[in-house]
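Enquirer: So that we are looking at the same thing, I have put the structure below in structure tokens.
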RNA sequence: GGCCUCAUCGUCUAACGGUUAGGACAGCAGGUUCUCAUCCUGUAAAUCGGGGUUCGAUUCCCCGUGGGGUCACCA
């Protein structure tokens, strides 16, 4: 049997962090067993329809590397599908759901309900007042067939409800074990709405079966509706898949992760300069741990070590400070080309750096970045030197004359150096350090004023790096300006 | 409130029923470095409570307590 997992988002226009983890775990599980990762669009709520949401969803999944094996794909920006079980968008499968809903009607496993929303709301509020469980009272189940026929002839709108039998329902969750619930606790779930669209419950069961899904891995918020689904599988005579419900990702106050308390959209984090790799790594470890004392894992390693039985049962707080740390790790260690691809959009366009300059700036500044967004603020120094007081040029253990002396000498060294010198950061360091060594100077006496002359800042990248990025003429120009500052 | 469910440092987590309860992030204190960022060292910090079972419970069972989820013609 081929393992098939699925990720069925409702297209709301953004990808929730929790959904990212759900998608990732589905992906990891499928890949680990050589299975199929399926993407399905669950858009049966037309009131929440968002134009272009599917496209942006697929793009986001693409950016974080969660490419589905089956389902909707974007080819040159145009939506199409791959796989033999389509369509993979539920709004294109209405006939299928209706067919099964009517089959259940004929079987006597479901019934029509003509109750208005108003009546249902009243019923619910009365039940709440009386502190009773809120359940449909099955008024329409008691309608005789001539009455039903009469209402149908009158074109009265109706929904189709699942008739929950007596007894209890037990199912196995791969993470939590056996769970049993009394059927009397379950409402006669609406399967087909008045508009002919299915509810989640019907659509998910029908689709998962028809599409050959073997493992359902999703958030814990679904656990209470599993019994309905199990009952549906039973009356539809479908074999049961495996269920695994993931613990929730939490706000710092331990409630379910929500807007209000920070960003929840993957797109927001990408926009802020968090790397896809970091996001994936971070989210993977929210609720799962391969074994022990490691934090950084490649996707390949995650696939190898993924194990549903090692997924935690309790919720995990989304801790941005740890994400920041991890993002920093990835920025510092990512392959330069990949990093540049990700970082380029974050350079301030007004600064107008050449690609080569960007490469050097990134090589230098990546040591100091928490997110790529920091790039826009931290790089202006390479474009123009900020204003600064001449006192800043003086090393704490020296004086103006000392600074002047060294700046002049280094200016001369740079003047005499050829272009090759400025191409090689290590060579720059070697030559300037030699100047310090042979004259028995202290590092600070030379490097502090040089660094300030080049950056205009008390805190910046090192002087060798600055010379390398700024190049010959700009470096010399800045040193000359500093010299003037002291003299005048 | 009913039902379901969960429970190790502030946070993410590790620990065949036997460990001085480990690691990471954040914190604090030092150190390296021209500054920043790194890096290094050290430090503080947890098994929710009560009963069992056992020679021995973080680990198994029960009861509390606390948290969370869910109770729509939303997914």
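Even glycines carry a Cβ here, placed using N, Cα and C.
Heads up, TrEMBL stuff is auto-annotated, nobody curated it.
Model, not experiment: these values are computed from the prediction.
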Enquirer: Scan A:251-255, A:256-260, A:261-265, A:266-270 against TrEMBL and say which stretch is down as motif ''KMSKS' region'.
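Expert: Result: A:256-260 is the stretch TrEMBL calls motif ''KMSKS' region'.
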Enquirer: According to TrEMBL, which of these ranges is motif ''HIGH' region': A:9-19, A:20-30?
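Expert: From TrEMBL, the annotated motif ''HIGH' region' range turns out to be A:9-19.
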Enquirer: For the motif ''KMSKS' region' (A:256-260), report the average pLDDT of the model, please.
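Expert: Value for the motif ''KMSKS' region' (A:256-260), mean pLDDT as a whole number: 85.
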Enquirer: Given a Cβ distance threshold of under 8 angstroms, which distant residues of the chain, six or more beyond its ends, lie next to the motif ''KMSKS' region' (A:256-260)?
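Expert: Same-chain residues near the motif ''KMSKS' region' (A:256-260) but 6 or more away: 16-18, 221, 248-250, 318.
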Enquirer: From the DSSP assignment alone, can you count helix, strand and coil residues within the domain 'Aminoacyl-tRNA synthetase class I anticodon-binding' (A:338-483)?
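Expert: With helix first, then strand, then coil, the domain 'Aminoacyl-tRNA synthetase class I anticodon-binding' (A:338-483) has 105 helix, 0 strand, 41 coil.
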